[in-house]
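Student: Handing you a structure now.
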Amino acid sequence: MKLKYLSTILPAQDGEAKISNISCSPNGSRAAIACSDRSVALLDENGVQKDRFTCKPIDAKYGKKSFTVLCMTFSPDSSRIAIGQSDNVLFIYKVGTSWNEKKVIVNKFVQPSAVTCLSWPFDDKILVGQLDGKVRIGLIKTNKCSSLYKTDETVVSIQTHPKRTSFVSAHQDGSIILYNFSSRTQSKICTLQVPPYNLVFTNHGLVVATSDRRVLSYTENGVVQQQFDYNDQSEKEFSSISCDPTAQNVVVASYDRLRLFSWSARRGAWDEGAPLEIQNAYTIGALGWKMDGSTIYAGTVCGGVFSVDCCLRRGMLKSRFETTYVAPSHVILRDVTNDTRTNVISNKGLAIDELKIMGKDRYVIGYTSSSIIIADTESQRFSELEWQSGGHEKFYFDFNNCCLIINAGEVTVVEYGVDGSLGWVRTELTSPHLLSVQVSGPDVEEHKKVKKLAYLVDPTTISIINLINGQQESFINHTGAVDWIELNERASKLLYRDKRSKVTLVDISSDQRSVLLSFCTYVQWVPMSDVIVAQSGDNLSIWYNPDLPEQVTNMKIKGEVEAVLRDADRTEVIVQEPTAKVAYELDNTQIEFGAALEKRDFDRAVAFLESNTSGTDAYSMWIRVAEMALEHGNLFVAQRCYAAINDVAKVRKLHDILEIADEASISIGGDGTHFYKVRAMLAIMGRKFKEAERIFLEQNDTESAIGMYTSLHKWDEALELAKVLNYPEYEQLKTSYLRALSDTGQDSKAAELKVSDGDTLSAIQLYIKSNKPLSALSAANNDSVLSQDENILRQIADSLVKSQLYDKAGDVYEKLKDFDKAVEYFKKGDAYGKAIQLARFAFPEKVVTLEQEWGLHLEYIGQYDAAVNHFVEANDLKKAVEAAIRAKEWPKALSIVENIQDQKVRTGYYGEIADHYSNKGDFERAERLFVEAGLFNDAIMMYGKNNKWIDAFRLSEEFHGREATISSYLAKAEDLDEHGRFAEAEQLYITIGMPHKAIQMYDRVGRDDDVLRLVERYHGEHMHETRKRFATQYEERGDLKAAEEQFLKAGDFRSAVNMYKDSEMWSDAYRIAKTEGGENMEKQVLFMWAKSIGGDAAVKLLNKHGMLMEGIDFACETGAFDLAFDLARIGAKDRMGTVHVRLATQLEEEGRLEDASKHYVEGNKPELAVEMFIRDNDWADAERVAKDHCESLLPDVYTGQARRAIEEGDHLRAETFLLRANKPDIILRYFIENEMWPDALRIAQNYLPHQAALIQEEYEKSELRNGARGVDSFVAQAKEWEQQGDWRKAVSALLKINRDSTDNDALIKHSTEKAADLVMKFLMGDEEYIGAALGALDEANCNEKAAELLLLFGQSRQAINALCRAKQWAKAKQVAQEYLPEMVPEIEKIYKESLKSEGRLGELIDVDVITAIDMMIENDQWDKALDTAKSQNYRPLLDKYVAQYAAILVHRNDLSRVLAVLERYGASANPANFSIYKLLMEETLAKPRFDYTEIARVRNVHLDVYNALQKESSEHFEEFSRALWALHLIAMRTALEEIGDSVPEVQKLCLKQSLSLLRYTDILVADRIFYEAGAAAKDYGSEYESLGFLLLNHYLDLVDAIEEGNGELVDYSPFENSDIPTEVSLPTRQWLESAKHEEMKEWVLASSVDDAHAKELVYDKRGVFEASLKDKRGTAEPCLVTGYPVIESTVRIGSMVAEKDNLNKFLVVIKSNQTENLLNVQNFVAKWAGSPLAISL
């Protein structure tokens, strides 16, 4: 906090005029200054003096100057000021809350001594410190004072704790006493050395500023915390002290100075702030801190008052609210538009970290580290509650006096002005429309306050809780989801609307619900009333009295209701009509009537009713006022109300009551309404008889209580009360009661009284007389004597018959042993159960007839379900069935029908029952019944009517043939198609196997989603193509979003991007590129987007995505330099040079060198222009640019020109340019390297004289090393001698040029070959020169020239060897073929070795493919080697290497790779490979679960071998044929098992395949094959269960043999009439896991004790096992589908056969359950058989 001088309030005087006290009001609107002239100046909130009044002496006789003002303080409500004076009096002045109120003394407390200090902690209590040492308390209401405690030392200061829990008093002797309000005890906590005149009580203890220039801090227990000592500084004694409203800051005043101390929560101690120096202020004797904490008023000894601004910092919110932090925990918010101020204070002392303005700028939210503060700027109330904010809370300010905080499913209610939450609930439904809260304002009386919350527990349940006690008041369940709720102002009623727009009103106290409207678009309570306004269509409905929801007022409107507005004069509904807003005025008088009742203003309500007598609901309103008046004891108003509605009885009654009250008022005083008879009679009027009884009995007025009941004819209550009270005239009362009953004909009631008195016989007679025979019978049965009296019983029986109570009469006759009459009356009374029960022992022959009659009776009365059993008992099954059908007991009806012997009758009923099951949806049972009844067409029509076309097709095919069915159903499908019933048409098309027609249908009508669905299901390979086609169509139609979706689903995002690019919808193109195309595509589209818009927009776009630099680069790369310049100019001027250089580079590539040079220069890269011209040998331009822009490059230009001159051999020009470039060293080095010694010496002497001697020395060494002229001389000599024709000397000179004379290999080779040419031309007869030439040629490695010389010399072999050394293989071979043919193989061998050593495989393949392949294999390049072998089109060669590679892979255990190799290059029929094929098969079939893909691959390999062996007619053909059949059956079964057993045909096909596999157990895993076959047979059903038992039993034998390692333990005798092998190799371990093995073992053991399971195979008509191919006639061909023998219904498929039914089933399964594996099986079979599969008719 900082202190800053603000302004002068009161100017200082020339002499002493001490300001004795300054006090600020708690509401912050006023400040009072006690001046030296005994007047009090009043300041407003801005520090401007608004008023002044003069203080009074204790008595006017003492004069105005007889006292001084010693102390002063404001009351807690800021409306009064207490002033303590030296003349032993304390005055309290009422100053009011406005400036125009008169200042009057309202309290005067005369004290025994002067009042030295004051504190006013409570409205009705004030603390007074006196000169005599007493601390007293003044009671404002009684105007009396009493002493709290007394000391002997003057009280110099009193300070109250900020929380008003205690206070301290400081005394002249330095002692400080702490007084606790709750315990009413005081204790001395410390004693100072000097009087503690300047004392404040803060939240953190006491702060005392003493006259010895020290500031001390104490705890509440009197322990010193801190001490600030200013004795060593230029400080004078402290004269006053003040604490801010938050008790976090303290200001201490002295001479010309204010010192500030602030509490540090982090340190837990006081920190001293910067002091404020005020020149010429002198001693500051009074301080007052304004309650908003922003300003301190300081009064001086000279009468001056100035203000000091104290704040931490200032700020602005929303450019409207000025924030002033006067403390970390205190912020003043000022609205600059109207200058209103709001305090936001943390009462916990926590720093306010953040402020937010919400709720239409009315509410302020302050956040601290652990709490939240909510302030209402209009009511100036704020609340603080504990809160840990995550930043996700929401605030609802739509409710009066409170707000709601929504956070993480919790709703917290906060009442303004009350710290802490009012309550909270948990709910996920937190919309403001689903919450309603009513909290009464502070002006409402405490007992009338309402605090309730209504919320939704779930979408259909409303809960209402009382926030005062936290109890749930109501729990409302609704049938539908609720979308709006609201409580009325008194929270007595709730309105809610559900999502079906039905509005319901709930009375919370009675839980009574009333539906107001079934459809409502707007509903609302009228503000400040219980009137409801709702809109339904063009009707506006108003309920002025919600207690009578049926009374509604309607008016027509022409728009939608927007709001309901109310002021003092009128209430209007604002309706938005088509052209304008219209206000519809409501009946404000009726609204006022409700308000009057709410305020209990009965006179006003009666006046309203009297002036509105014509209302339709006047009667109910009079009743309402009357009842409320009675409830509140206003009898005259109640009488007036009843008179208005002509209720004469109540008017008279009230008249009587009023007379009694008037009489009572004379004796008991008051208005007499408290007299007990008045209260009792009012209770009787309200039908509260028990309360009236209580009132009478409380006064011992028994007669009146009993008389009340008898006058009301409540004799039972009168007798009961008389009996309880032992009323002496009880018997007489009872007699009077009986007489009254007899007079009024209430014999039955008299009989009850007789029964209670024990006179049963009289009671029976009375019951019979009153025609209540049942009561008479009950009374007789309860009397042991009368229950045996035959006469009495017959009288009762006759009375029962007369009353037509026949069943009861039958009971009586049965009791009298008169069974005929008993049965007769039982029948008459329809008590057939009792009749039959009686007839079973009395008349057994009548039982069946009675059952039949009972059934007919039940049928007559409609109890058909009960009649069924009785018809059955009567053996009338037809009637039983009909009754069961009429009772809709269909299972019972069906069971009865099945017991009817007549087939014709039974069939008729089947049809009717089937119709029921059809309608019910139990189609399977209905089908069975229809078929049973022979109603095949009805069954088919049933399925058709219910769109179950598959079942309809199945039945139609079964009963009408397949061809006719397909034809009719195709026509039906087309008809459905034509009539727009596409879903049914689709189902039919698919059922008959024509999904393409369904696709065409949907495509024709534009139902693209259905097209895609069917294509995906039946033609998945065309899915992407179809999506692209649709996308193109959508694009053409302009539906780009749909086109985008299809492009993306087709995986063609580029087309989607291009589509949006073509449409210039760049944002969409960019979105797709970003999400689908990756970073490069994203950038590319973004840059093209920028290119399309250009300018500032392009720069903004690229900057938005952080791609400006990349955009410039992209523009340059794509040649869009105009865009690049724009982007660089607008957004990146530093890149302009780069763009110029990039453009120059492109221009250079295009040959536009002049333009390029300009851009190089503009790009600040002239050196690149120079280099460009140098590369182009444009020396003039290079020199020009270098001179103009970069002279440092001129030497490079000249050097380049020199280099060009050297290349052209122009040494003089080169020398000139190098000298211009100032580089003589380069030309010197050039002359030396080229042994141009004279020129070198010249340059050195002229330009590099320091090197001249060195060059001269080198020149001499060179001459010495090369003889006269060195090698050049030999060349010159040879040329000269050659010209002269001296060939020998020429050759000799040339041969001298060798490695001894020079290192120039080219010169040596040239000279040697020249010498050889001369020898061949002129010296062939001279062997010496020939030899010398050959030696030189060999030394110079000129083998080809040597071969030429040797060939001329006749040395053919040596010539050929020379050509081989020269790698001239063709020439060598040509020479060999001509001169030495025997050397040709040797040459070829050498050639191959050369190719091999050099790795030249391409050439080696052409020469020796075997060697080349072997080289590849050595390098582990098997794929390349096999491809090379395959390219030779020689199968044995390929088979050889395939077998070799396969063997290696097998050794590596890489069987998957073996399969891949065999699939790629084919499997050969070489027996050497058979072990590999066998291993592949064993390993694949050894896995726990068969994998179709792996089995299919092994099967395909075996097919290749099979075909090869078949062509060769190999002896191994049969072996591979069996293996292939086994693999084929396993693969087909595996593919079918993927579908599951849901398709019946699949299970049968899999079973047959499993049984067929038994014949291959000698090459398969025997225990597995037997187990799978046995399990399949067992699961199929009873037909094959015995076979399953046999096979599984054999499987167990095999497992036992495996465990024992002895194959002889297995018994094969059950398989004699089959082709199942009897000798199989046992595996090393069992295949099945132990758990399943044990399960199957238990089943076999359990089945072995069942005689139904015989150990035998299933035989066919051949007399052999049905899966066996062999029989007595020979061997049958196996079926391609099942492996079963094909005996009849043969279908020929290429070279193989299939059984017709099985083939058709298999193909139907493929069509209806198409899978990739089934299609693969179909293709394999077609390939194997050599013909495609097709359904056979």
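In case you wondered, yes, glycine gets a Cβ from its N, Cα and C as well.
Dumping what Swiss-Prot says about this protein:
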REPEAT    14-53  repeat 'WD 1'
REPEAT    63-103  repeat 'WD 2'
REPEAT    110-150  repeat 'WD 3'
REPEAT    191-229  repeat 'WD 5'
REPEAT    233-273  repeat 'WD 6'
REPEAT    511-553  repeat 'WD 7'
REPEAT    700-737  repeat 'TPR 1'
REPEAT    803-836  repeat 'TPR 2'
REPEAT    907-940  repeat 'TPR 4'
REPEAT    979-1012  repeat 'TPR 5'
REPEAT    1037-1070  repeat 'TPR 6'
REPEAT    1137-1170  repeat 'TPR 7'
Student: Could you pull out which residues elsewhere in the chain have a CB under 8 Å from any CB of the repeat 'TPR 7' (1137-1170), counting only those six or more residues past its ends?
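Tutor: Sequence-distant neighbours of the repeat 'TPR 7' (1137-1170): 1112, 1116, 1119, 1121, 1124-1125, 1128, 1176, 1178, 1181-1182, 1185-1186, 1188-1190, 1193, 1196-1197.
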Student: Could you put numbers on the helix, strand and coil content of the repeat 'TPR 1' (700-737), residue by residue per DSSP?
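Tutor: Each residue of the repeat 'TPR 1' (700-737) counted once, the result is 28 helix, 0 strand, 10 coil.
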Student: Do you know the DSSP helix, strand and coil residue counts for the repeat 'WD 5' (191-229)?
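Tutor: The breakdown for the repeat 'WD 5' (191-229) reads 0 helix, 22 strand, 17 coil.
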Student: Where else in the chain does the repeat 'TPR 5' (979-1012) make close Cβ contacts, counting only residues six or more beyond its ends and a cut-off under 8 Å?
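Tutor: Counting only partners 6 or more residues beyond its ends, the repeat 'TPR 5' (979-1012) has Cβ contacts under 8 Å with 947, 949-950, 953, 966, 969-970, 972-973, 1018-1019, 1023, 1026-1027, 1030, 1711-1712.
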Student: What mean pLDDT does the predicted model reach across the repeat 'TPR 2' (803-836)?
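Tutor: A mean pLDDT of 74 is what the predicted model shows over the repeat 'TPR 2' (803-836).
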Student: If we skip the immediate neighbours and take only residues 6+ beyond the ends of the repeat 'WD 2' (63-103), which ones have a Cβ under 8 Å from one of its Cβ atoms?
Tutor: 20-21, 23-27, 29-30, 32, 34, 38, 40, 42, 44, 50-51, 53-57, 109-123, 126, 128-129, 138, 140
Student: Tally the residues of the repeat 'WD 6' (233-273) by DSSP class, grouping H, G and I as helix, E and B as strand, and everything else as coil.
Tutor: 0 helix, 23 strand, 18 coil
